[in-house]
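Colleague: Following this message is one structure expressed as structure tokens.
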Amino acid sequence: MKTLGQFIVEKQAEYPNAKGELSGILSSLRLVAKIIHRDINKAGLTNNIIGNSGVENVQGETQMKLDLFAHNTMKQALITREEVAGFASEEEENFVAFDTERGRNAKYVILTDPLDGSSNIDVNVAVGTIFSIYRRVSPIGTPVTLEDFLQPGHKQVAAGYIVYGSSTMLVYTTGNGVNGFTYDPSLGVFCLSHENIQIPPNGKIYSINEGQYLKFPMGVKKYIKYCQEKDKSTDRPYTSRYIGSLVSDFHRNMLKGGIYIYPSATTYPKGKLRLLYEGNPMAFLAEQAGGIASDGKDRILDIQPKELHERVPLFVGSREMVRKAEEFMREFSEE
């Protein structure tokens, strides 16, 4: 069985001029995954990471204790190892420049949602960590700037997630396909378990919070009805599956075929998910696995972000299902 460490070394060897910086970042993320995995598995035995922290994040959302733990774990691991020039998190208002000699000379910045779906942890539902890595655009040797983080998603050099479920998996891409590694706690290593993952071009699963139906755009309402209608030629009706954790829903749909939708709504007209921390990394993974991702109209990876915590509607998953949803969005446009 090939380990994540072996896989990283093999891939680095394919690029003779590579100096190992990206490999070092992935190694840091591997450590973060192990630490968060350890504490999540003890969540029911301690009050230290369960429940609300009483603190609000920059979006005005109440942070769970585990949000803060995951955020601080990720941040500290990156600071200690000095593998990146800067760090931005969904849980922190501003980016952090690692203003040390090694940090200023690092080539990459990382953006992260340290713990997606954290409200589920109290009831033992799978949660995840999402990450996105870019090559900085500011001069090497200087502190990073906001422009290093405000890059369109097609400029990502790597992205992935860690899902903490019945097993812990690290799934990532560096632009050459998607591979998944399952954690073996008895050995303390991630082993290659899902090589060259491909999203089926079509599927039978649609994932959306139907409790918000009345607030959705007409195109989304019509697509939901389409999914529910009986039609032998397209093997409908489809199955509704919604966990409430982007990582978990995306992971299932990537393996089985399906579409995940978090649209705009009357209560959040620009969408609710964050472009830089959730939309871009999931879109990069989807495209690398043969799927697509859009905001209902345009390709997610082509959007030029204007601010660090910008929100976006997200339609992501099997190619044919996303295209069909886009058809409904165009046909029933409310502009």
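For all residues, glycine too, the Cβ spot is worked out from N, Cα and C.
On a predicted model such as this, the values are computed, not experimentally measured, just so you know.
Below, the features straight out of Swiss-Prot:
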BINDING   Glu90, Asp113, Leu115  Mg(2+) 1 binding site
BINDING   Asp113, Asp116, Glu278  Mg(2+) 2 binding site
BINDING   Asp116, Gly117, Ser118, Ser119, Asn209, Tyr242, Lys272  substrate binding site
Colleague: Relative to the Cβ position of Tyr242 (substrate binding site), how many further Cβ atoms are located within 10 Å?
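Modeller: If we count other Cβ atoms within 10 Å of Tyr242 (substrate binding site), we arrive at 16.
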Colleague: I want to verify one value. Collapsing DSSP to three states, which class is Asp113 (Mg(2+) 1 binding site)?
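Modeller: Asp113 (Mg(2+) 1 binding site) sits in a strand per DSSP.
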Colleague: If one looks at the chain holding Lys272 (substrate binding site), which residues at least 6 apart in sequence have a CB under 8 angstroms from its CB?
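Modeller: For Lys272 (substrate binding site), the qualifying residues are Tyr262, Ala265, Arg311.
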Colleague: Given the binding-site residues Glu90, Asp113, Leu115, Asp116, Glu278, which lie within 10 A of Asn209 (substrate binding site) by CA-CA distance?
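Modeller: Close binding-site residues: none.
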Colleague: Counting across all protein chains present, how many other Cβ atoms fall within 10 Å of the Cβ of Glu278 (Mg(2+) 2 binding site)?
Modeller: 26
Colleague: In whole Å, how far does the CA atom of Asp116 (Mg(2+) 2 binding site) lie from that of Glu90 (Mg(2+) 1 binding site)?
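Modeller: It is 10 Å, counting Cα to Cα.
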Colleague: Looking only at Ser118, Asn209, the binding-site residues on record, which one has the least crowded Cβ, with the fewest other Cβ atoms within 10 Å?
Modeller: Asn209
Colleague: For Leu115 (Mg(2+) 1 binding site) and Tyr242 (substrate binding site), what Cα-Cα distance in Å is obtained after rounding to a whole number?
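Modeller: Cα-Cα distance, Leu115 (Mg(2+) 1 binding site) to Tyr242 (substrate binding site): 18 Å.
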Colleague: Near Asp113 (Mg(2+) 1 binding site) in space, meaning Cα within 10 angstroms, which of the binding-site residues do we find among Ser119, Tyr242, Glu278?
Modeller: Glu278
Colleague: If you draw a 10 Å sphere around the Cβ of Ser119 (substrate binding site), how many other Cβ atoms fall inside it, taking every protein chain shown into account?
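Modeller: The answer is 17.
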Colleague: Specify the nearest of the binding-site residues Gly117, Ser118, Ser119, Tyr242, Glu278 to Glu90 (Mg(2+) 1 binding site), where nearness means the distance between Cα atoms.
Modeller: Glu278
Colleague: Compute the C-alpha separation of Ser118 (substrate binding site) from Glu278 (Mg(2+) 2 binding site), stating it in Å without decimals.
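Modeller: Per the Cα atoms, Ser118 (substrate binding site) and Glu278 (Mg(2+) 2 binding site) stand 14 Å apart.
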Colleague: Could you state the whole-number distance in Å separating the C-alpha atoms of Gly117 (substrate binding site) and Glu278 (Mg(2+) 2 binding site)?
Modeller: 12
Colleague: Starting from the Mg(2+) 1 site formed by Glu90, Asp113, Leu115, give every other residue of that chain whose CB sits within 8 Å of the mean position of their CB atoms, in sequence order.
Modeller: Asp67, Ala70, His71, Ser89, Glu91, Thr112, Pro114, Asp116, Ser118, Thr129, Ile130, Tyr277, Glu278
Colleague: For a quick check of packing: other C-beta atoms within 10 Å of the C-beta of Asp113 (Mg(2+) 1 binding site), how many?
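Modeller: Other Cβ atoms found within 10 Å: 28.
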